[in-house]
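Trainee: Straight out of TrEMBL:
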ACT_SITE  69  active site, proton acceptor
BINDING   70, 75, 77, 79, 91  Ca(2+) 1 binding site
BINDING   182  substrate binding site
BINDING   212  heme b binding site
BINDING   213, 261, 269  Ca(2+) 2 binding site
DISULFID  38-117  disulfide bond
DISULFID  71-76  disulfide bond
DISULFID  123-337  disulfide bond
DISULFID  219-251  disulfide bond
DOMAIN    27-341  domain 'Plant heme peroxidase family profile'
SIGNAL    1-24  signal peptide
SITE      65  site 'Transition state stabilizer'
């Protein structure tokens, strides 16, 4: 009897330990690739990404947006990169995703990584890493002034840790985009609901909106605010009138593009929050909606400080990058990010 009890206990302990070991392999972690046949995978992705960023100051905004749109649909599984196969259109064919960019750059990064480490690095990890690395690229030289210290640090080091171990998904449906993706004309209630569905709070909503401090937008994404806000040919009264008139002049053609953060669209800083709350120059209705809620307003005020913004943006990017990820035996590793394995 005693022998049977001891054996039962040993079996139980073995099962628990096995479950712990298996479980440990099914979560994201730092330096996931160190124990693979491609221990320098993250350095490789960073070097390739930086080589591209040198000649393209718009790449940061494009890769951040690509990563963001990916994570809000079925989690961060690189499904946004898949081309349409058969009759069902993929995510990238949906209206809100037609203006996405960075696909060619991701393809090239993948080709170079595959050449050195075939079949090891997932497209999902590569997208998460390159989005971080392109924002962390040292575009400008550091100054000695104390006020520039945090900015110098930001552009010399990775802005946030990217835990790796994601697998690629093989489902990509354009029909799922509109109901899951926060859009430029979303109001504060819709934004809060969509973020909450992904485990993100108001602080994350505001911090991630700060990505609008870099990049450009097509006029069609916000033209309603300028020309037909309530369907009567009127302008959104919450938009700075002088700013609105300058936007109208730039948007005689809705295919034209404008800076999302006027005069600061290539510098990753807190200027977005300053012009939003002090000048009502949030380009999108979703930007302006952050001023419609007491909690979000408090976060906007807090993130007017560069250092606070960098810290909170980093935390929120880590949370977003872990949304509904596929790990372990789930998912696949594509050799071509556009095509299912």
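Note that Cβ sites are derived from N, Cα and C of the backbone, with glycine treated the same way.
Bear in mind that TrEMBL entries carry predicted annotations, made automatically and left uncurated.
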Trainee: Inside 8 A of the center formed by the CB atoms of 70, 75, 77, 79, 91, which other residues of the chain have their CB, for the recorded Ca(2+) 1 site?
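Mentor: These residues sit around the Ca(2+) 1 site: 71, 73, 74, 76, 78, 80, 124, 169, 172.
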Trainee: For residue 212 (heme b binding site) and residue 261 (Ca(2+) 2 binding site), what Cα-Cα distance in Å is obtained after rounding to a whole number?
Mentor: 7
Trainee: If I take every residue in the domain 'Plant heme peroxidase family profile' (27-341) and average their pLDDT values, what number comes out?
Mentor: 93
Trainee: Should any of the binding-site residues 77, 79, 213 have a Cα within 10 Å of the Cα of residue 123 (disulfide bond), which are they?
Mentor: 77, 79
Trainee: Which chain-mates of residue 337 (disulfide bond) that are at least 6 residues away have a CB under 8 A from its CB, listed by sequence?
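Mentor: Residues satisfying the criterion: 78, 81, 82, 106, 107, 110, 123, 126, 168.
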Trainee: Looking at the recorded positions 69, 79, 91, 117, 261, whose Cα is closest in space to that of residue 182 (substrate binding site)?
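Mentor: Considering only the listed recorded positions, the nearest one is 69.
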Trainee: Work through the recorded positions one by one (65, 70, 77, 79) and name whichever has its CA nearest to the CA of residue 269 (Ca(2+) 2 binding site).
Mentor: 65
Trainee: For the Ca(2+) 2 site given as 213, 261, 269, which other residues of the same chain have their Cβ within 8 Å of the site's Cβ centre?
Mentor: 210, 212, 214, 264, 265, 267, 268, 270, 271, 272
